[in-house]
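Listed in Swiss-Prot for this protein:
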DISULFID  19-25  disulfide bond
MOTIF     1-10  motif 'Nuclear localization signal'
MOTIF     459-466  motif 'Nuclear localization signal'
């Protein structure tokens, strides 16, 4: 059984502060802090019986008391006292009938030294003196005998005012900020469009939009030419070993060491079917090891024949059995596919078929139903023309057939509109002003082949009112 370790107790004063109020202090703590021990009691009782106050302990007098008088101890001067040390010594000598003196320091010289006596300036600084002292009321100090120090005071003070050099007028510059016009530029890029129009923003009418494209290597960069660098294929890796190889272990931890292990290469992968290990907790982290052949494989270390000692040690040769994997071969060429004789022939399907004959129809052939037109409407170029669907059922008014000319003498009839017809009709607006809209830097032409319709020709969707 081990001896119990002795722990040092805390300080007595720390214990007293914590255990006094709780009343759990040890018996020796309170008397020591409050001064009530046996030694303290003996000193108190001895002080009552013996009086040592007249010995002059701690008064520099070494216990020598003058005959018929007080000890030679002169108290220090208190605040406001004007009694000098020489006067105290003279009065003490007159009372005793003997001249009191200190060895090596005559009392006559103490009267002339201003270091131990109050000077004339110190005598004026008294509690009953006024708080403000004027310089005229302070008398001049006579100084020490044998020294003459002359002081000449001059009350005249010369003050010279220096005027700045240069002109009196100071230039004041007024700085006003410049008024800048507020400009706001917006740019929209359309993705996935089949046609890229050039950027031509020459007008600020209405709403504009543009498309910016930068072609690298095209004609837009100029005919500066360039250098064609052929693509070089570097050699592919020959083994499956990673580039960052782990550090090779040394000594018995290196399985490829011929000093500790007998290297036995094998080609039978069934050797590793039943892998065992003693304790995986203390095994090193798995890492890919590259063998001498430059290939990655499976390894196993074991002792086929060994002698076990009483302490649990094994004595015998260690074998390192390794199964190396195959290397990465060259690029595999096209392997012909063997076709069985019973395989049916494959049908050839062309990807692009030749177009057939189309039926040509003349545009001037209007048909017999539009031979006679009772009435026609014409609309000038730039007029607001919109298409509207007018249901025929339940419509009481009869509207004639409308025809619109598009800047040419040829007449293109529109579909007739009647009470029993549901085909769309042309509705001519009274407003002949067409808004100008710029799309991709070009003004929209309603009658050109840009495949863009004017917004006024599009049908407007009406919201369905729910009852």
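Glycine is treated like the rest: Cβ placed from N, Cα and C.
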**Intrachain C-beta neighbours of residue 19 (disulfide bond), sequence separation six or more, cut-off 8 angstroms** = 25, 26, 29
**Asked** Over all shown protein chains, what is the count of other CB atoms within 10 A of the CB belonging to residue 25 (disulfide bond)?
**Response** 17
**Request:** Could you put numbers on the helix, strand and coil content of the motif 'Nuclear localization signal' (459-466), residue by residue per DSSP?
**Result:** 0 helix, 0 strand, 8 coil
**Prompt:** Using DSSP, what's the helix, strand and coil tally for the motif 'Nuclear localization signal' (1-10)?
**Reply:** 0 helix, 0 strand, 10 coil
